[in-house]
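Peer 1: Got a structure here, written out as structure tokens. Questions coming.
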Ligand code: SF4
Ligand code: SF4
């Protein structure tokens, strides 16, 4: 069947109209930096302090693009009479990114966590020789390595973190002064002093208690000097059954 004249033009215009109404997905790079996933493989960073020059990464690299040079150093014994030890010192660590195929094997096999992926990818060069990054440049890439993602809730604490936390707690316990305890000589002085009831001062214990009757003081039942108890004669006053001086004169 022969096509209808102008149908092709109508189809093309329909596609144009449909696309015009959709939101644009064009990334405006380099004006806008792309949002890369956390495990993006941009460039490899070297954390030199962790590297023991074991050469595993260089041996396992399928492209043979990792170059390591080192020499041995003798370390004196830690204690007198101990044995001298030798250790490898890193002289050169370089990765040729013109050969690297970003397989990540070197990072996987490193037993000391000295290599990391960084999402940085803007290191194109006009000279291919400049794509061999030496240890100083690899170290700078380390500062662009993102922090590892958070652990799942309830996950076991990593061994490295647990060991670091225990060491920090031990150090803090050593630096904290002991709880306030009385000084030894204060304790000895306290032991020499006679025990007295709690809350009573020395003055209180040496003095008679206010409630305790003194030998020369009248008791609570005895009248005070100048006072008379009802029914009891005052000293010097005649009693009712004793005759008064007038009665004696009448007799
Ligand atoms: S990512 Fe792969 S190819 Fe690149 S240096 Fe590491 S092991 Fe070699
Ligand atoms: S595997 Fe790790 S520790 Fe060993 S040489 Fe490579 S980066 Fe250094």
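For all residues, glycine too, the Cβ spot is worked out from N, Cα and C.
Those TrEMBL annotations? Automatic predictions, nothing curated.
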Peer 1: Do you know which of 103, 110 TrEMBL groups with 51, 54, 57 in the [4Fe-4S] cluster 1 site?
Peer 2: 110
Peer 1: Measuring Cα to Cα, how far is residue 61 ([4Fe-4S] cluster 2 binding site) from residue 51 ([4Fe-4S] cluster 1 binding site) in Å?
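Peer 2: That comes out at 16 Å between the alpha carbons.
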Peer 1: Under an 8 Å Cβ to Cβ limit, what residues of the same chain, 6 or more beyond the ends of the domain '4Fe-4S ferredoxin-type' (91-120), are close to it?
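Peer 2: Non-local partners: 36, 38-48, 50-52, 54, 56-58, 60-71, 128, 131-135, 138, 141-142, 144-146.
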Peer 1: Near ligand 2, which of the binding-site residues 51, 54, 57, 61, 100, 110 have CB less than 6 Å from any of its atoms?
Peer 2: 51, 54, 57, 110
